[in-house]
């Protein structure tokens with residue numbers, strides 16, 4: 001165990017440096033959750049938000065993420081995975097500076113959009129970078145690191161939101177991306193990317209640095225060269241070939257279905273949702289508890305990824321999310337949670353004005369915890385991991401950007417519409433929709449998703465090339 005840790009030490013350092021971008025992403029995504037209640041009660045009339053402005057504040061991040069994904073489609077193959085990740089630090093830092101100094105609402109929206117661009121770039125680049133520098137024995141665990149660190153970033157935001165005002169939350173948000181930028185200056189780029197660019201010597205040195213001089217990196221390098229030489233750059237006509245269109249469709253649909261579960265609006269509006277459901281604790285504490293559960297669940301997923309397999313975790317994830325959304329649907333329908341003012345005040349007051357506790361008010365908190373637990377152990381990390389595993393190298397850079405664009409455009413629509421639907425109909429309608437989507441996800445897993453546990457990237461590519469087996473020929 002100790003020798004394995006030593007042999008992978010530099011690989012772990014490279015992964016840690018990259019996933020600081022995912023920490024920033026997770027922090028940025030849920031930034032509105034504690035900030036909206038503070039702005040709702042702001043003494044500055046220029047910063048007070050109505051329902052439409054709050055909807056934009058929550059959702060415009062996802063538009064920026066879609067734009068960042070488009071940028072990553074070009075940058076991933078143009079300047080490389082590592083440099084693309086480093087570039088994301090610019091819009092992230094500028095965005096937080098703008099929000100920290102905001103005097104009017106458009107500055108808050110602009111800052112959210114810029115941090116969204118950074119989030120989209122990291123979401124498209126980091127999983128690909130990690131999968132290409134990792135070896136099969138640890139790729140499952142390391143492939144879940146983007147989700148783990150994104151969750152840790154969100155938890156950090158929830159915890160800091162208990163004690164810091166919203167401007168200081170923006171100031172703190174600047175530092176993870178800057179640290180990532182500094183550390184990545186000393187890390188190598190992806191050996192597979194360097195080989196595809198014809199930089200053979202540089203690629204060999206990068207792989208030796210990642211694996212160690214005493215490893216069998218030359219054998220692995222030969223396999224990488226053989227795999228890359230057998231495919232070349234993707235052309236539009238290639239999209240008719242199953243080797244290309246099957247993994248592209250699977251990856252894109254998984255990112256679409258991942259967002260359709262409702263994860264983004266639930267995370268972004270977590271505190272307002274709890275305000276809506278008469279939950280017995282203050283919403284900011286409930287949000288922090290959910291963040292802790294989310295972090296625990298992705299930790300469990302990381303340990304099980306290479307043991308239980310991807311599909312088993314996707315099944316369990318989809319089932320848990322279905323149960324929790326159905327429970328929330330029934331609770332909100334039967335408890336007659338009133339529509340209107342999603343960001344208003346608590347409603348659980350007895351006639352004398354004292355807060356009344358009822359055991360049934362635990363249901364929203366428990367259901368949300370189960371939903372987050374289910375998502376974070378399957379459809380959260382595995383969707384990122386499978387995207388980076390099954391896409392052929394020739395299409396990996398562009399298609400990973402396409403997946404991010406599809407994912408975040410879907411998230412934008414759901415997040416923006418969510419506020420208006422809840423205020424018009426209550427929580428019953430959106431959670432009924434999310435429960436139906438979870439059933440679709442389980443069926444999709446059974447029919448379309450391959451098991452990639454303990455398979456090299458070259459074996460996975462051969463599976464889609466032959467449609468039959470996870471083996472490759474030695475070149």
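Every residue gets a Cβ built from N, Cα and C, even glycine.
TrEMBL does not curate its annotations; it predicts them automatically.
For the ranges 142-160, 199-217, the feature annotated in TrEMBL as transmembrane segment maps to 142-160. Per-residue confidence over the domain 'Major facilitator superfamily (MFS) profile' (14-453) averages out at a pLDDT of 83.
Stretch with the largest number of CB pairs closer than 8 A to the transmembrane segment (54-76), among 12-34, 166-186, 312-332, 397-419, 425-449: 397-419. Relative to the transmembrane segment (312-332), the listed stretch 425-449 leads the set 142-160, 166-186, 397-419, 425-449 in CB pairs under 8 A. Contact check: the transmembrane segment (110-130) against the transmembrane segment (425-449) gives fewer than three Cβ pairs closer than 8 Å, residues 6 or more apart, which falls short of the contact criterion.
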